[in-house]
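Taken from TrEMBL, the feature transmembrane segment covers 37-67, 87-112, 165-186, 198-222, 243-263, 283-305, 341-362, 382-404.
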Amino acid sequence: MFQWFYTAGDSCGFGSFPTFGMEAYNRRFYFDFSATYVGVGMICPYIINFSLLIGSIISWGIMWPFIESKRGDWYDANLPNSSLHGLNGYQVFISIAMIMGDGLFNFFSILFRTSYDMYLKRTGRAKANTAGVPFAGAGLAGANERQALSFDDRRRTQIFLKDQIPTVVAVGAYVALAGISVLAIPHIFRQLKPKHVVWAYVVAPIFAFCNAYGTGLTDWSLSSSYGKLAIFIFGANIGAKDGGVIAGLAACGLMMGIVSTASDLIQDFKTGYLTLTSPRAMFVSQVIGTGIGCIISPTVFWIFYQAYDIGNDEGYPAPYAKIYRGIALLGTNGWDQLPKYCLRFCAAFFILAIAICALKEVANNKTWWIRDYIPSALGMAVPFFLGSFFTIDMCVGSLILYMWSRSDRLHAQMFAPAVASGLICGDGIWSLPSSLLSLGNVEPPMCLRVFDADTNYEVEQFLSTLPIPVS
């Protein structure tokens with residue numbers, strides 16, 4: 001509430017305060033006083049927050065300034081930074097390449113471990129003494145990471161594993177829904193052929209795993225990034241002449257629906273695990289909520305469509321619609337439309353992500369001392385696209401937790417999650433009264449804004465030309 005009083009205008013308030021100077025602020029390095037991200041930083045492991053900070057320094061501190069220095073050579077100098085033909089193209093696709101490299105490595109690693117464990121069980125050579133370790137049978141916990149579980153953890157694991165959804169049911173339901181989509185979606189979007197829908201459903205589980213894995217590490221879902229990738233893949237494959245723009249946008253919606261639902265469901269399962277709730281109950285609740293959303297969402301859209309002039313700046317501007325349409329137009333022209341050397345950067349960072357994951361895996365197996373200090377490639381990739389401001393907040397959360405642990409380790413372990421949850425919930429609850437104030441046309445009374453010396457001089461010169469009001 002205190003911060004709201006100083007936000008009467010764009011770039012006003014403590015959320016836009018240049019903590020480390022104006023140049024760092026322009027590079028998105030600043031502390032925006034977000035209680036939410038400070039709380040998330042207290043929950044996330046130190047290595048994840050450290051990885052986010054490293055990624056911020058590499059991207060916004062080194063790479064993007066270097067690429068901006070090539071403006072006019074590598075890409076058109078007149079393009080805005082938000083254009084995928086320009087700097088934003090590097091930001092989006094390099095981050096996707098790193099996320100995919102990290103996610104695919106872990107996907108195939110878990111697939112191999114699970115398959116090997118099933119082979120050992122079938123041949124009767126599976127190791128014993130792992131009954132109390134959650135998911136130990138699937139090879140997901142290294143021998144050096146297995147620790148004695150408390151009674152509460154054993155109870156949670158027992159309930160969670162007792163009510164598992166059978167694999168046959170999960171796969172069968174996915175295939176059935178895919179079949180319905182293959183028949184229905186091409187009738188709604190005729191530019192999208194059945195074979196394209198089939199390919200989307202074949203690739204979507206890999207993307208869903210990568211996104212769920214990343215959301216679990218950083219508490220940030222990047223489903224929109226996978227949607228943009230789908231636009232490029234399907235738009236370039238179909239081409240502009242055959243309706244690649246509409247097909248790419250439809251494939252984007254399909255991919256985002258699958259990928260975002262996967263991360264949401266995994267979060268619900270984790271909540272169910274912590275609260276001793278049956279995973280089947282959580283799944284049924286998710287299905288019911290999704291079904292209700294299938295009715296409410298089109299209804300709300302229709303109300304907005306009838307009440308406002310969608311796409312008009314004076315009605316309901318829908319700025320993201322223009323952005324995604326621009327991405328689709330770019331995608332239909334093929335990968336050659338990306339800025340210079342963009343694909344080479346993507347390939348290099350894709351390989352770098354795999355190399356970091358491989359090094360981490362070897363270090364864990366060999367119990368090297370550096371294993372706890374190897375950053376997460378996925379954590380490094382997130383700020384490549386989103387910016388650095390939230391990483392500063394999360395590192396502040398880690399610093400608070402570290403100092404608290406040094407002074408009182410027992411109380412820090414017990415109460416840090418509660419304090420973090422309070423920060424997150426308090427910041428989130430304020431959005432409701434803030435929205436009510438906006439609906440009532442109640443504006444903040446003040447604007448707190450920081451200028452550099454030159455801009456401040458110009459402002460003072462302008463103010464000196466204004467007449468002094470007479471009381």
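Glycine is treated like the rest: Cβ placed from N, Cα and C.
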Range from 37-67, 165-186, 198-222, 341-362, 382-404 with the greatest count of C-beta pairs under 8 A to the transmembrane segment (87-112): 341-362
Cβ contacts under 8 Å made by the transmembrane segment (165-186) with residues that lie 6+ beyond its boundaries: 192-194, 197-198, 201, 205, 250, 254, 279-280, 283
Of 37-67, 198-222, 283-305, 382-404, whichever stretch has the most CB pairs under 8 A to the transmembrane segment (243-263): 198-222
Per Cβ pairs under 8 Å, the stretch of 37-67, 198-222, 283-305 packing most closely against the transmembrane segment (382-404): 37-67
Same-chain residues at least 6 beyond the ends of the transmembrane segment (283-305) whose Cβ lies under 8 Å from its Cβ atoms: 165, 261, 264-265, 268, 316
Remote residues contacting the transmembrane segment (198-222) - C-beta distance under 8 A, at least 6 residues beyond either end: 40, 43-44, 48, 52, 95, 99-100, 102-104, 106-107, 174, 178, 181-182, 229-230, 234, 251, 254-255, 258-267, 270, 376, 378-379, 382, 385-386
